[in-house]
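Feature annotations, reproduced from Swiss-Prot:
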- 36-56: transmembrane segment (TRANSMEM)
- 73-93: transmembrane segment (TRANSMEM)
- 107-127: transmembrane segment (TRANSMEM)
- 131-151: transmembrane segment (TRANSMEM)
- 166-186: transmembrane segment (TRANSMEM)
- 209-229: transmembrane segment (TRANSMEM)
- 241-261: transmembrane segment (TRANSMEM)
- 278-298: transmembrane segment (TRANSMEM)
- 304-324: transmembrane segment (TRANSMEM)
- 339-359: transmembrane segment (TRANSMEM)
- 382-402: transmembrane segment (TRANSMEM)
- 469-489: transmembrane segment (TRANSMEM)
């Protein structure tokens with residue numbers, strides 16, 4: 001059906017128009033009025049959030065542009081979380097960017113504008129129902145992120161990180177595109193629904209399909225940062241400005257999760273046994289190498305990079321534990337648990353990098369674990385918030401990270417893969433060491449600098465709400481879990 005129904009695309013159209021308008025406005029702003037670009041960017045995200053939330057509450061699935069674009073419960077919920085993630089990133093980053101002259105002078109408001117273009121790419125990825133639309137969204141997001149990583153053109157470390165990210169990112173895009181070309185050659189269609197239908201008939205070349213699947217999974221693993229396609233993650237996290245690291249480590253994970261569902265679960269359900277085996281290997285390797293390597297790190301950004309790799313292993317556990325069109329609740333347990341996990345992980349990561357930027361100041365980067373020494377003496381409240389963040393990453397109750405891990409483990413056990421659940425628990429216990437080491441440093445070590453921490457009101461309030469949200473979701477995880485499960489079920493049923 002060739003339809004040009006623009007209603008499902010209203011959030012994307014608004015964001016694209018607003019971003020272009022902000023870009024033009026920023027050209028005429030003096031440095032003293034650059035704050036307006038920041039405010040307009042946040043306002044744009046708020047409007048987009050209202051639009052996507054209203055679509056989510058409607059619960060309907062609608063298509064546009066000849067079924068190439070879909071607005072469904074999963075995409076709308078993930079978009080809403082993306083707006084929150086990027087909005088928090090902008091709030092946490094504002095003072096950090098101003099201290100380093102990154103939002104004035106010749107750079108202007110480019111950080112905010114590139115951030116909005118990143119969001120646009122993620123939105124397109126989440127709503128893509130066509131191979132080429134997925135690739136289009138991926139490139140919009142990736143090109144914006146490449147520019148953000150290289151934002152500090154006078155910083156050799158940042159430029160090196162940008163080069164690594166660009167080269168490996170281009171390689172990942174090539175893998176994904178080559179895999180898509182194989183799938184297109186085997187099925188004769190770029191439409192995800194049609195690809196699934198053709199494969200289900202059995203009238204396809206199975207070796208070509210498997211060959212294409214391998215490249216698609218490799219490309220997705222690059223974007224997620226799963227082992228053995230994780231080489232870029234530690235160097236880019238450490239080398240990029242902390243504000244950019246947060247932009248990299250937050251919302252893009254939501255988009256990567258979305259296209260994984262689109263490509264594997266929606267387009268290739270007939271090959272579930274094959275890609276679930278691949279994800280099992282990626283998951284175990286990611287949890288093993290991520291957790292073990294993180295123990296040896298003294299740079300907290302690098303430690304969080306390896307932590308991200310291990311957390312991706314848990315997300316993959318949920319994805320490989322879902323049963324396509326299962327009537328026994330396994331779909332809910334697997335894909336819903338993975339979605340719940342990635343949302344809560346992103347929320348936790350935002351807060352942690354927010355604390356790092358809070359401790360940083362002009363001419364000083366709080367990149368090392370030693371910079372957290374005695375934080376409880378300098379600011380008991382921020383130390384407590386960091387404690388909640390670390391407990392969530394480690395999976396310590398009653399913070400939400402515990403229930404996210406528990407939901408994934410329950411999904412794994414429901415499929416009978418007891419050995420996989422045992423491996424996940426063992427590596428989680430190993431991972432708890434380096435998270436709790438930061439807590440020990442904050443509460444039991446003496447600070448090198450005993451000056452009290454002074455934070456702006458917006459950062460103080462936002463970081464406090466972030467920490468409180470993790471605790472509240474841990475005490476009452478039901479509503480978000482139910483929303484994730486319902487979104488997945490409705491999306492896969494449509």
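Glycine is treated like the rest: Cβ placed from N, Cα and C.
Keep in mind the model is a prediction, meaning the values are calculated, not measured.
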Could you tell me whether the transmembrane segment (131-151) and the transmembrane segment (339-359) have 3+ CB pairs under 8 A, leaving out pairs under 6 positions apart?
no
Mind checking which residues of the chain, 6+ beyond the ends of the transmembrane segment (209-229), have their Cβ under 8 Å from one of its Cβ atoms?
138, 168-169, 171-183, 185-186, 199, 252-253, 256-257, 259-260, 263-264, 268, 271, 274-275, 278-279, 282-283, 285-286, 288-290, 308-309, 312-313, 315-316
Among 36-56, 241-261, 278-298, 469-489, point out the range having the most Cβ pairs under 8 angstroms from the transmembrane segment (131-151).
241-261
Cβ under 8 Å, sequence separation of at least 6 from the ends of the transmembrane segment (469-489): give me the contacting residues as numbers and ranges.
56, 72-74, 76-77, 261, 331-332, 335-337, 339-340, 343-344, 347-348, 351, 388-389, 392, 397-403, 407
With a Cβ cut-off under 8 Å, give me the same-chain residues at least six positions beyond the ends of the transmembrane segment (278-298) that come close to it.
213-214, 217, 221, 226-228, 230, 306-314, 316-317, 319-320, 368-370, 420, 423-424, 427-428, 430-431, 433-434
